[in-house]
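K.L.:
Mind looking over this structure? Questions follow.
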Amino acid sequence: MSPAGCSHVNGFKVDNWKQNLRVIYQCFVWSGSAETRKRKAKSCICHMCGAHLNRLHSCLHCVFFGCFSKKHIHEHAKNKRHNLAIDLLYGGIYCFVCQDYIYDKDMEQIAKEEQRKAWKLQGIGEKYSMWEPTKRELELLRHNPKRRKITANCTIGLRGLINLGNTCFMNCIVQALTHTPLLRDFFLSDRHKCEMQSNSCLVCEMSQLFQEFYSGHRSPHIPFRLLHLVWTHARHLAGYEQQDAHEFLIAALDVLHRHCKDDNGKKANNPNHCNCIIDQIFTGGLQSDVTCQVCHGVSTTIDPFWDISLDLPGSSTPFWPLSPGSDGSVVNGDSHPSGATTLTDCLRRFTRPEHLGSSAKIKCSGCHSYQESTKQLTMKRLPIVACFHLKRFEHSAKLRRKITTYVSFPLELDMTPFMASSKESRMNGQYQQPVDSLNNDNKYSLFAVVNHQGTLESGHYTTFIRQHKDQWFKCDDAIITKASIKDVLDSEGYLLFYHKQFLEYE
């Protein structure tokens, strides 16, 4: 969105423009009453193709609704020379001359007033109000004119953590979480409203931790309160023995999830119906399709997930080849792909149909008997932050070891091929590039990598974190050093954190 208003807004600000804009917001954007919601559902269709979806926009100069995605509103703007339109989902004002969403103080004020009215009609409390400084705060600002500026070389947010005795597993996850963009924005905007005792609330401690990290202080922080709360709420992690960073991540997300409350004030006790910040950022939906080999009936279930655990070549689990070798041969269906293994290879294997065999027959609702079947996992809904766990630690009755297979992972990742909607592009388990691979909604950027050095019995965790777009740093407990992109991509990789490149705000 353009930071300042454009001159083309002035052409709209004539006669009763404020009242006209209010009517549009009341009837077609926020729709507070049941009557206006019915009117919106009936009236808001593209005047060219009749579609209800495709990011409908309304012309501000005349009565016209058009698709933004299919450029129908663009055609109208060009033909009629009507430069401004309003997004009917989010209320943003788009200028076709500037080719951007623009900001105008007067229009923004009207939008917020009408949104508050709509929330009140629906019995919803205001989610978040814009900060308006009090007289005392204005006085403080006048007496303290110096401001800290964020530049490309700024290191604010970088802070080491003291190792309290085999707590590198915790420190590496804390570094990844404190550099998760949306989580950082949530805590630095003081959005958490605690209804527990603050000294027992992990969310309160994380809020304080974010304040410590972004205070500008450079001395290493001592996370003793965080460690105490983790021990209190996740007893299996208590003690000074070495722990698994992945296990700590899941435990921390679980406790944070339980201590959070969603915007409607309901307890966050159901991962499928929760609006807490943890679920908003980290929860995705994993679709499991079980297909009967006799009648080909499909049974589908969707389960929430916070991370995706991926098998590696070299483990006792067969790692099927997913791309042909130099000679195109496969030995017993169990040979490894030629050359380096990639994260994409692991994801292809994860989403490949698996024959369950005669020893794992499932009762088919169509055949009404136990039949052999195939099972396939795909992504029904992607989280904002996707965490990939490379299963480097193998535990079995006969074997305990670390798998050191190098896995190549990219700076940018497109998850479109692994979506449930792209399932038809993989015929009989063979990977094909889907037609909609240019879908920006499924594209991710790498922002943190947790590594494990050493053996299963004795090791150490470190984290690479992205501070700015192309600036990487290595966090080794209290020591933070500059790192190159090559350092990051050449690392072994244990936990890989990716953030969506494009977000739609609600």
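Glycine residues also receive a Cβ, built from the backbone N, Cα and C atoms like all the rest.
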K.L.:
His52, His76: which one does Swiss-Prot list with Cys59, Cys62, His82 for the Zn(2+) 3 site?
P.N.:
His76
K.L.:
Can you figure out which of Cys46, Cys49, His82, His460 (the recorded positions) comes closest in space to Cys98 (Zn(2+) 1 binding site), comparing Cα atoms?
P.N.:
His82
K.L.:
Under DSSP, is Cys59 (Zn(2+) 3 binding site) helix, strand or coil?
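P.N.:
Going by the DSSP assignment, Cys59 (Zn(2+) 3 binding site) falls within a strand, counted as strand.
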K.L.:
In DSSP terms, helix, strand or coil for Cys49 (Zn(2+) 2 binding site)?
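P.N.:
DSSP call for Cys49 (Zn(2+) 2 binding site): coil, neither helix nor strand.
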K.L.:
Measure from the Cβ of His460 (active site, proton acceptor) and count the other Cβ atoms within 10 Å, all protein chains considered.
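P.N.:
Other Cβ atoms found within 10 Å: 16.
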K.L.:
Determine the minimum-neighbour residue: among Cys6, Cys46, Cys49, Cys67, Cys95, listed as binding-site residues, which Cβ has the fewest other Cβ atoms within 10 angstroms?
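P.N.:
Least crowded of the binding-site residues Cys6, Cys46, Cys49, Cys67, Cys95, by Cβ count within 10 Å, is Cys49.
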K.L.:
Determine, for the Zn(2+) 3 site, the additional residues of the same chain whose CB lies within 8 Å of the mean position of the CB atoms of Cys59, Cys62, His76, His82; present them in sequence order.
P.N.:
Leu60, His61, Phe64, Gly66, Ile73, Ala77, Lys80, Ala85
K.L.:
Excluding Cys46, Cys49, Cys67, His72, which residues of the same chain place their Cβ within 8 Å of the centroid of the Cβ atoms of the recorded Zn(2+) 2 site?
P.N.:
His47, Met48, Gly50, Ala51, Asn54, Leu56, Phe65, Gly66, Lys70, Ile73
K.L.:
Just name the most isolated of the recorded positions Cys59, Cys62, Cys98, Cys168, going by other Cβ atoms within 10 Å of its Cβ.
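P.N.:
Across Cys59, Cys62, Cys98, Cys168, these recorded positions, the one with fewest Cβ atoms within 10 Å is Cys62.
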